[in-house]
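Enquirer: Okay, here's the structure, questions in a sec.
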């Protein structure tokens with residue numbers, strides 16, 4: 001709840017700025033996917049080796065989300081956001097002047113630490129500053145920020161990287177983050193920490209079987225997705241033999257499809273909660289299984305990316321709403337665990353995709369991701385049967 005009454009316009013403006021912040025944080029997480037080849041060329045490395053930066057980033061977030069959230073649980077939230085942004089901007093400044101791959105990794109670790117705290121607190125903050133009764137819409141706006149990171153942030157970052165160099169991409173992200181920090185400082189009220197939970201909340205949460213089943217579902221599904229998605233740029237160029245410009249276009253429509261998924265979820269997610277989650281995981285799996293056979297057909301692979309992008313967004317929103325519903329008494333701890341587990345999946349998928357491309361071939365990443373996706377779909381169906389509350393959004 002907000003401590004003082006504000007107009008609906010102001011409330012929505014605050015949510016919008018948090019969504020813009022989400023856009024920035026997700027852009028910097030995802031943009032290396034579109035720059036792997038360029039970064040590899042700068043340091044004379046293979047793309048699979050450069051892909052290690054995706055795994056390290058994700059696993060730093062995974063390992064540090066809960067400890068950083070607990071360490072800062074009593075810090076007033078606006079002040080904490082400012083600290084996060086200062087670390088974020090400084091780390092991007094280092095990325096923009098990185099003289100070797102080790103320096104780049106160090107800068108990415110700094111960004112990952114700020115990311116770890118940001119996603120532990122932001123969903124609950126968006127709900128707190130949103131107009132009364134608009135929780136779902138606030139989360140949907142945050143999700144739109146995430147989707148825009150793929151539809152605008154990632155392809156624009158890739159275009160800047162191709163035109164001016166990947167270092168300039170990181171410099172621009174840092175500059176935009178600095179402006180956003182100043183606007184958030186002006187717009188947000190003081191937000192005392194509340195309902196964060198404590199270290200004691202962790203075993204309590206893991207004694208909730210439905211929540212544990214959901215966390216495992218998230219880990220499996222995200223691992224499956226990122227096994228293929230992490231290497232979509234080199235896959236399209238080296239396996240499909242399509243141009244760099246068309247690769248940028250595919251990244252663009254993948255992200256645009258995520259916005260469609262966000263809108264669909266906000267309208268129909270509460271009406272068909274179980275169907276939406278099962279269908280999303282099924283479509284993610286099908287998309288990866290069909291990636292290789294559709295790769296050389298521009299219309300087919302474009303259609304596939306639209307379906308895949310919609311499904312990934314719906315899946316992400318569906319699990320987030322369920323986590324908040326299953327842990328209303330410790331939202332920040334539950335969300336930090338979600339962020340950590342999600343990033344375990346990102347790191348595992350990026351690592352597995354890299355190993356597949358090195359030891360099998362790049363063409364196989366979709367099939368391996370799809371095989372894990374089938375396991376995820378089976379686990380989802382079983383979990384919903386075993387834990388009926390997972391069939392609902394809350």
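Using N, Cα and C of the backbone, Cβ positions are placed for all residues, glycine too.
Here the structure is a predicted model, which means the values were calculated and not measured.
Positions annotated as transmembrane segment by Swiss-Prot, on the basis of sequence analysis: 15-35, 50-70, 79-99, 109-129, 137-157, 168-188, 209-229, 249-269, 272-292, 299-319, 333-353, 362-382.
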Enquirer: Report yes or no: does the transmembrane segment (272-292) come within contact of the transmembrane segment (15-35), defined as 3 or more CB pairs under 8 Å with a sequence separation of 6 or more?
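Expert: Taking Cβ pairs at least 6 residues apart, the transmembrane segment (15-35) and the transmembrane segment (272-292) are not in contact, as fewer than 3 fall under 8 Å.
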Enquirer: Please determine whether the transmembrane segment (333-353) and the transmembrane segment (50-70) are in contact (criterion: at least three Cβ-Cβ distances under 8 Å, sequence separation 6 or more).
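Expert: Contact between the transmembrane segment (333-353) and the transmembrane segment (50-70): present.
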Enquirer: Do at least three CB pairs under 8 A connect the transmembrane segment (15-35) and the transmembrane segment (137-157), leaving out pairs fewer than 6 apart in sequence?
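Expert: When sequence-distant Cβ pairs are counted, the transmembrane segment (15-35) touches the transmembrane segment (137-157), since at least 3 lie under 8 Å.
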Enquirer: Can you tell me which parts of the same chain pack against the transmembrane segment (209-229), counting only residues 6+ beyond its ends and a CB-CB cutoff under 8 A?
Expert: 33, 54, 235, 281, 284-285, 288, 291, 312, 315, 319, 322-323, 326-327, 334, 337-338, 341-342, 344-346, 348-350, 352-353, 356, 365-366, 368-373, 375-376, 379-380, 383, 386-387, 389-390
Enquirer: Test of understanding: applying the rule of at least three C-beta pairs under 8 Å (pairs 6 or more apart in sequence), is the transmembrane segment (362-382) touching the transmembrane segment (109-129)?
Expert: no
Enquirer: Under a Cβ pair cut-off of under 8 Å, which of the recorded stretches 79-99, 168-188, 249-269, 362-382 contacts the transmembrane segment (15-35) most often?
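Expert: Stretch with maximum Cβ contacts: 168-188.
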Enquirer: Could you pull out which residues elsewhere in the chain have a CB under 8 Å from any CB of the transmembrane segment (168-188), counting only those six or more residues past its ends?
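Expert: Result: 10, 13-14, 17-18, 20-21, 24, 27-28, 31, 35, 77-78, 81-82, 85-86, 88-89, 91-93, 95-96, 107, 129, 157-158, 160-161.
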